[in-house]
């Protein structure tokens, strides 16, 4: 397809070449004649007849196309997951899973009730310690992990979480969202879970989310859409993950053929004396960038580190090598001047950098690169003294001219045009054999006129209703 597009774009410049015009003419004639031969052979009519024999004379479009739907009953899912609901713009409830009798109360306020201490700072992985000595400590921690995971709590979004002492009348936890980025993210994620409410980030000052446990007394009505939003936001974060070290295997990075190649995406697994090659594309690499809990991802990070280290070493080595090359070139330049002086002293032809010779092709106005005309005993050499050199240079020049002319001619005849000419000619030759076969196109009732356009079945019946007598003798007839 790309060759055809480039071919059509070059049509104005193509037609200037006689050879291209001939190729275009042969291609068009071959394609037209091939289509005529195939139509005359009856192959297309025979295929249409077999598809429609015995059916109605009208066409049906979309016979196998149906509009279907599926209904998801969320009532089977929501009782087993935390159910969020909103009381007002600042108070929210998160009922525990399995239709628990308790709920986690969330309050967005500018009041600070807890202060930072060395023992009361928590994070999403150990949030359950804020609900210690509670009867449902495990489910409370699980529910809060779901909620914080829905807020996309990660190393970029890390609001401070402080645990409180319930026995002293304090709340279970306090999340500091005073920072503008933290407040905006909490507001956007909670609005998706609980629904639309007033933005608390408009008031510039301290902002906290106070978390406490209360009894569930139907303070607010639940919505299955809120539960589904909470599920969707945790769909890829609550999978059970196990990580085991398989020291029985040894992995090495290689290319698709098994050759060691640091920086590739193929791993060769060795198990005793056999090996297995596995290649991973950009999907696996992107997955590793998202989730780092696998040995494969750790190994890629290690290889990436080594590759960067090698690249840095190569850059430093290249810099040192460039400095060495510069110094050597300077020495060579000085050495060249010394050699020319020595050649002059020992009567050997040398270059005085004043006169140069080259081979010029007057027909194409092309010349070779100038070369130094050597000097001996204070005078320039005769042409016969370096005849072999300029003859060899002329051969190289002619070869270069012919090569350029060949490349220019090849460039004026696109490869797509040659392909079209070849395949159209092959298509035409193939259609000649089909035309000679004279493929039959329909069934004919013996002794009567041709039943076209009626399509008779094998028992001489047509769905159009004209031929109703079954079992009449038939014969195959070709295109008339």
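Every residue, even glycine, has its Cβ placed from backbone N, Cα and C.
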Range among 18-33, 34-49 that Swiss-Prot annotates as transmembrane segment: 18-33
Candidate annotated as N-linked glycosylation site in Swiss-Prot, where the set is 315, 382: 382
Matching range for Swiss-Prot feature annotation, transmembrane segment, among 420-440, 441-461: 420-440
Feature N-linked glycosylation site, as given in Swiss-Prot - residue among 215, 352: 352
Local confidence of the topological domain 'Cytoplasmic' (34-58) - pLDDT mean: 72
Cα-nearest neighbour of residue 201 (disulfide bond) within the listed disulfide-bonded residues, 85, 130, 163: 85
Positions on the same chain near the transmembrane segment (18-33), where near means CB under 8 A and six or more residues out: 412-413, 417-418, 420-421, 424-425, 427-428, 431
Spatial neighbours of residue 163 (disulfide bond) that are distant in sequence (at least 6 apart) but have CB under 8 A: 114, 120, 121, 122, 129, 130, 172, 173
Winner by Cβ contact number (other Cβ atoms within 10 Å) across the glycosylation sites 126, 377, 382: 126
Length of the line joining the Cα atoms of residue 126 (N-linked glycosylation site) and residue 176 (N-linked glycosylation site), in Å: 17
